[in-house]
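Copied over from Swiss-Prot:
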type	residues	note
BINDING	D21, L22, N23, R36, H59, L60, G61, R62, R113, R146	substrate binding site
BINDING	K197, E314, G340, G341, D342, T343	ATP binding site
Amino acid sequence: MSVIKMTDLDLAGKRVFIRADLNVPVKDGKVTSDARIIASLPTIKLCLEAGAKVMVTSHLGRPTEGEYAEEFSLQPVVNYLNDALDCEVKLAKDYLDGLELNAGELVVLENVRFNKGEKKNDEELSKKYAALCDVFVMDAFGTAHRAQASTHGVGMFAEVACAGPLLAAELEALGKAMSNPERPLVAIVGGSKVSTKLTVLESLSKIADQLVVGGGIANTFIAAEGHNVGKSLYEADLVETAQKLMKECAIPVATDVACAKAFDENAEAEIKHVSEVQDDDMIFDLGPDSTAALAEIIANAKTILWNGPVGVFEFKNFEAGTKGISEAIAQSPAFSVAGGGDTLAAIDKFGIKADVSYISTGGGAFLEFVEGKVLPAVEMLEARAK
């Protein structure tokens, strides 16, 4: 993957436009989870230390495009940056006709979705963004799968378009896990539905040595082996697809499961062999034998790709499977990459953040990369590097 890297450029005195992912949750005007801002800070600091004139922007939430709405303003992010950095950070609301900046100064450009044409990758808007800068830095992996004016169009017209450190690290880690993995490669795919992860499963079945399935997805595979799944979430119309995937790749299917009669966090977990599941049972997690078997597979892996929990880990009585998988990944010396919103929540809950080699910041972008799709922002950066 050949792209220009920001770290290879001399940014002194240059106008630098960073497209970051600062789409953070905000409550009562305060940032409630700062993970994405923290991930972007090194890029911002590098530019400031290099003596660049720095502009950083992002989307936040889903405002009506082209209309200002205070609840979607980046002002809370500006307030956070003012506390986190040694310089004064201002918010620019009207910036499309140009800005005056000094070297070492940082300005946050208001939510890009307040600009009409942002989502449609409007050429005129893209050119206005490009006119603001000498160097465009794409550093938002989380939106790299969307061709929008601030993630794609601007890069087509900017004098120089490059990958920021966060994006470059993300591409490198995912490339290491997928393009040239040390084997065995074990892929873990959880989540509620096969249909939403079907392309991921198909893509990974071709490259993984073992494909571990969990959550509602696993129920469809249990049904594909001819077992009753009771009232569990599963997709009857995809049983044949599951059977086909099992012929193409080693997919260890659960032998025991944790069930209950109702979807309730206080419901008692009943451990059953898969052949004993009743018509009124609902499967919410892997059983201890299945968890132990998967932990052993993970222990022998050299590369691990993890997307999605393997049970309803939000409920104390049904967290054991995801906890067991998490701990096995944490203890494994393998190169591990994890991504997807629920996966990150599980990593936080079980405290294994420091033990995962790389945690992806992208939800949809992570999945599309794993599906083998070309990400528009990356395609643009490759084209501009030629």
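Numbers here mean position along the shown chain, with the first residue as 1.
Glycine too: its Cβ is placed from the backbone N, Cα and C atoms.
Shown on the structure are the features that Swiss-Prot records.
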residue	record	DSSP class
D21	substrate binding site	coil
H59	substrate binding site	coil
R113	substrate binding site	helix
K197	ATP binding site	helix
E314	ATP binding site	coil
G340	ATP binding site	coil
Same-chain residues at least 6 apart in sequence whose Cβ lies under 8 Å from R113 (substrate binding site): H59, L60, G61, R62, P63, E65, F72, K119
Closest of E314, G340, T343 to D21 (substrate binding site), Cα positions, binding-site residues only: G340
D21 (substrate binding site) CB neighbourhood, other CB atoms within 10 A: 24
Most distant Cα pair in Å, residues D21, L22, N23, R36, H59, L60, G61, R62, R113, R146 binding substrate: 18
Whole-number Å value for how far N23 (substrate binding site) lies from D342 (ATP binding site) (Cα to Cα): 17
Separation of alpha carbons, N23 (substrate binding site) and G341 (ATP binding site) (Å): 13
Other C-beta atoms that fall within 10 angstroms of the C-beta of T343 (ATP binding site): 24
Per-residue Cβ crowding (10 Å cut-off), top of binding-site residues E314, D342: D342
C-alpha spacing of G340 (ATP binding site) relative to N23 (substrate binding site), in angstrom: 15
Entry from the binding-site residues list G61, G340 having the most other CB atoms no farther than 10 A: G340
N23 (substrate binding site) CB neighbourhood, other CB atoms within 10 A: 20
Pairwise C-alpha maximum, in angstrom, for the residues (K197, E314, G340, G341, D342, T343) that bind ATP according to the record: 21
